[in-house]
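Structure, as structure tokens:
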């Protein structure tokens with residue numbers, strides 16, 4: 001806005017000069033210095049009066065100009081002016097578009113009552129851009145869009161850096177401690193399709209935070225405590241006498257749990273015995289504790305089968321971990337005057353919530369609210385987390401809002417300093433658009449889902465006759481890559497806030513935005529150099545010596561698309577929506593296809609097939625594309641293979 005300030009200064013200077021001139025004119029009139037001959041006294045007085053009046057008007061105008069805040073100051077006082085820079089949708093609009101001028105104009109009008117043309121703001125922005133190595137030119141279009149054209153040599157150099165140094169994360173400043181709470185199945189129950197989303201989304205978030213250099217603690221907040229274990233152990237005492245030395249398998253445990261719940265709801269005597277078992281477990285009675293540990297161990301082994309198949313890494317820290325902290329949590333809320341008693345319950349009202357948290361039940365027991373408060377305090381105070389992410393279904397949104405509000409109210413964290421977020425997600429639907437169930441109406445077991453994926457993946461590979469060209473080991477690797485990659489990608493490619501329909505047919509389709517298409521595209525890209533007899537060492541040598549040429553429009557489009565990867569990651573770090581990465585990888589793959597169809601990487605004799613020429617700069621573009629796709633797959637938890 002320096003141009004506007006300069007205009008004001010010029011006006012002030014002109015007025016000061018005119019005032020000086022008029023002052024001198026009045027002095028001359030007073031002394032008859034401007035008159036060649038003596039005029040009448042009345043004429044002199046009239047002219048003198050007019051000049052004095054004009055002088056006062058100009059002085060008043062000058063003072064008003066001096067007192068008026070300049071537009072540069074106004075913009076500095078706007079707080080957070082909008083910074084809107086997006087990739088251009090059409091080449092004629094440059095490579096990026098900045099739409100901030102319109103937003104600034106609206107803010108000035110709303111907050112400062114200053115009406116400034118957006119195009120004038122855009123002109124001032126472009127006028128004051130410093131000299132740099134990135135931008136070839138900028139243009140102003142329409143009401144105030146700023147079209148930015150990048151320098152080709154800059155893009156070429158950045159691609160070379162990528163090939164020499166590897167794929168780098170966006171620069172984020174200091175290293176932060178991140179806690180991600182995800183997966184969280186219940187002990188004594190099998191993992192089902194409902195656990196799929198939390199597990200997959202949470203794992204990918206952790207991988208992203210780790211890639212950008214943060215210290216990540218991956219926590220599995222399993223349901224391993226509470227009345228249900230008193231019920232189950234009391235039932236096992238009747239139905240499974242060896243419960244102290246061996247636990248039933250997970251399938252039987254789940255059946256026993258259902259039976260125990262039915263008895264708890266209908267048999268008063270059993271209910272009393274179940275509560276006794278809970279008290280004995282809380283008191284750490286050896287036999288009851290041993291039975292509980294056996295139940296937890298058999299559940300963990302079953303969970304681990306899922307985690308191994310999907311390459312999930314977690315540290316278990318269940319509800320039991322926080323039991324010894326809960327008494328202190330209640331005491332702290334009481335001492336600070338936040339606790340009210342309602343029908344024997346101890347409750348806490350938090351800001352902007354009509355439903356209170358129950359931290360002690362009427363029977364003296366603790367609740368999920370208590371354990372979640374203990375958990376968030378431990379993560380803030382002991383783990384010293386800068387960022388805490390809860391990857392839990394959207395149905396828990398109100399609960400977590402209350403937990404976060406209580407933690408702020410009691411002074412455990414300041415949201416301006418520490419980020420605490422609930423990354424909610426929708427449910428998995430069947431193809432009938434109802435909650436995903438088996439044909440018998442039961443919840444789909446996750447292990448069954450993964451096994452079905454493996455079967456269908458192999459069927460698809462054999463349908464394409466890949467079993468005739470791949471070794472048994474390569475076929476097995478391709479089967480696993482496609483099966484688990486498709487299941488993950490089908491979830492992650494949808495906006496997590498939405499429900500999505502689970503369909504093996506759609507996710508295994510190698511057309512469109514699916515993992516199957518992208519995995520096939522990746523193996524094709526990797527095969528280009530191999531079929532041209534170019535190895536890794538030759539590519540590295542070429543990266544050091546060969547300039548990447550971007551003269552063809554498809555070369556230029558691909559080069560720019562490759563360099564957008566850090567921008568994509570930065571956006572996801574801000575909003576935690578991983579489908580943005582899926583959309584980007586799909587865009588990169590389709591952009592590469594356009595490039596490969598238009599630009600020969602390897603030129604061959606049409607009759608003999610003999611290689612006549614290798615355009616090495618284009619081979620480097622292939623390599624850069626594959627490197628970005630590989631890193632994107634890694635963040636999504638997808639394992640590509642060299643041959644498919």
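Note: Cβ is positioned from N, Cα and C throughout, glycine not excepted.
TrEMBL does not curate its annotations; it predicts them automatically.
TrEMBL assigns the feature coiled coil to one of the listed ranges (5-61, 62-118), namely 5-61. Model confidence over the domain 'Arginyl tRNA synthetase N-terminal' (56-150) stands at 79, taken as the mean pLDDT rounded to a whole number.
The DSSP breakdown of the domain 'DALR anticodon binding' (518-644), given as helix, strand and coil counts, is 87 helix, 7 strand, 33 coil.
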